[in-house]
């Protein structure tokens, strides 16, 4: 018992101690809570004082509203607020929003002053650089106007009251998203990033570069490209400014890019936003249709059911908020189920007794309207339901105007004082304020089902309703968006004269796009220009608003107007409205003869003069690397000096691949080379002897062999004569061709003209590589992107200038742009002085001798040329078409020619010259325009180089490793490299280039070979080049030189 008593005393002591500790903790908690309460009270008091200060500032600001319109007024004057430069703009905006209701405190940050919303006065040192224009983006060079962040911070921290800014402020909305660091300008940090649909301020006028100085709502300041923003309409801004008188308006509305441009954007953000429904980080783009509009009539507010009796009710309301100068409100209409029961004059009373109602059996909708000089207000903006079976939930929920990405939701509210919460697919989407009963969804997904729930939120508990009726607050509706269909067509299509006489410029206004680039749910990719149902131009850019169209295409279609369609992955839109082409633009220009220079335009003082008219289309292309470039064609048909350097940079150096496996020592490498050389020597010797005997027995071909022809000092190019071309043809006998004889060809790819092209390009390529001693690299710091030739499909490799000649198609194809050395490095003094003198001769100067060429392929520069100015400068032609050429080709490999009374450029690798001695036959051929289909062409001699001026050493090397560039090469243009196996004997020409590559030949294939994969064959081993196939087949096999013929016969 004693132990139990002691134990009880011990427990009682511990209990007392615990109670003491608990009491101390409770006192500590009480003290902390009191401290927190005092802190909150102090904060509340401070905020109240701040509110009073801001209210006074706002009142002073409103007094100057006539002089400065924050939302885009016209006349401006300096705002005389001495504390403006030092007062943070967020405080001012908070005060403005507080006066209007619930503002955008959280959306506005930073420490910029309100004075910073006024354009700064230009400083003496401000000298903006010229505009560097690019399509769709505004460019500007580095400017002294771009101040550092420290300078702007110093200005913000300045306490001086001196006014530094003047100008007017405008509210804008971003049309598209824009990241300055992805743009073309040198100082992207001076520009503001934009998000489509977000608001920003710009102040002052646009500068000469097309930029505004602006500020985002978070305080960021910088330059804004003018073509990326839309100004808010002045009339809607004026209406928005008047809403400050309404105590229940908790938002600021501005005009924006709502559906069809007729509604407004709401700056408030929803509580929850589904990322799949809206793609705007700043908040939803969905709008409340009835918020503000140009013709909104002020409506009565806060209708109240004062008393409900068995046969009557008493209702009251508050007067409308009428903007100054809007108009006069004369009276009120009280309606019951859209029937006017009484009319009350304004100012008498705002209560009404409505009798003759059967409250126990019927439900009535009571509404109050304002009657004004501009019409009556919307009855649903001041309405309530009374009577039997009234519930809190809205009724008649419906969805209209459903498209691929948008829909309009509407309902009938039980009480116009209720706000409503919108749920989309069980996710809270947005809140609609009181007196609103419509909602517009944007950025929906095409072909998707949605479930909408509208939850009514009463402003006060409707105690007059039974409990079960008070609990019914929700209404549902389901709908599905339309499948992604064709996009909307462009608007406001216009046609104007182009930058050149041979083109016109078609402009349009793109359809309204979502921030993700959708129109009607279709992913917009570009725009196409059509004439008589045929596409004549195309631009691949979703926000493009203009493009150039060749007049020759319109003349050939005899089109007098054009339409524009929006292109998308889901198809094309319908045609836009037809835009007529001015008749004066459709008249073909009269061709002018081209003046003839007195000396060779491309000849330099250090190069012996040769007869260019006897060189083929590809001859002397390597000389263009060492001479100044011929001037580009101009529409005045006059030669001009070369222009400044281009904008392209040289391609990166070729990367030397590294062999896989254990490195091979020098001794082993030489042993491998000796073994491989001896292994193939005997078979190579026998094959070579067989080829030699075969060629010796055919004497007529020995004289035309490639090496013999090149080494012959008397060799001289002469095109096939017109007599040879037309001998036995109908054109040579009579002017008309009949008899349905045709070429025995499958297509341009398989024709003899194509074979001629292929042979000559192969020979020219090998000659250039041999002569240059390997691959030539760009040099110097200035580079020019020379015009790239249209490429016939019969060529199959990359030449030394990087041009690609793809195989495997039926006609010329588009090649990728390349960079080549600039001719400006060589200077103007390398050109003949007569070249510049002749450039300024009058049209009466001596004409260049005209030559006759025949087209080897069909060629449409609009779709096949890789050059950006192809539509304006290059000529289209068909296979077999006769082309009149003036002078020699320029450094880019283009002739200046004439077809269909139009002058332009012609790629030399797609035409062949016909030597004409008979002027009468030449004129007749020009009148004919095309070679007759039954013309037998007996012989065409193609371009040949007059001789090799340099002797290039050849060496034999053996491959130490297997190499397949498609698998092992780190370079992009793997087709320029050879595939080989260990032990293959490769002939290399010249020395190693600075990238570590040889130019070599294996099995009739020529290309680049990595030097670290090869070992030179010892001199004491006799090696004959083997034509035995390698273990790997080359991608683009070339015909053996032994099979080449120096003449080509067309079989009728």
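For all residues, glycine too, the Cβ spot is worked out from N, Cα and C.
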When Swiss-Prot is consulted, the range among 805-829, 830-854, 855-879, 880-904 described as region 'Disordered' turns out to be 805-829
Region 'Disordered' according to Swiss-Prot, located in which of 15-64, 65-114, 115-164: 115-164
Name the residue range among 697-716, 717-736, 737-756, 917-936 that Swiss-Prot annotates as region 'Disordered'. 697-716
Secondary structure content, the domain 'SH3 3' (952-1019) (per DSSP, counts of residues): 10 helix, 29 strand, 29 coil
Count, for each of 167-234, 393-475, 848-916, 952-1019, the Cβ pairs lying under 8 Å from the domain 'Fibronectin type-III 3' (489-590), and report the range with the highest count. 848-916
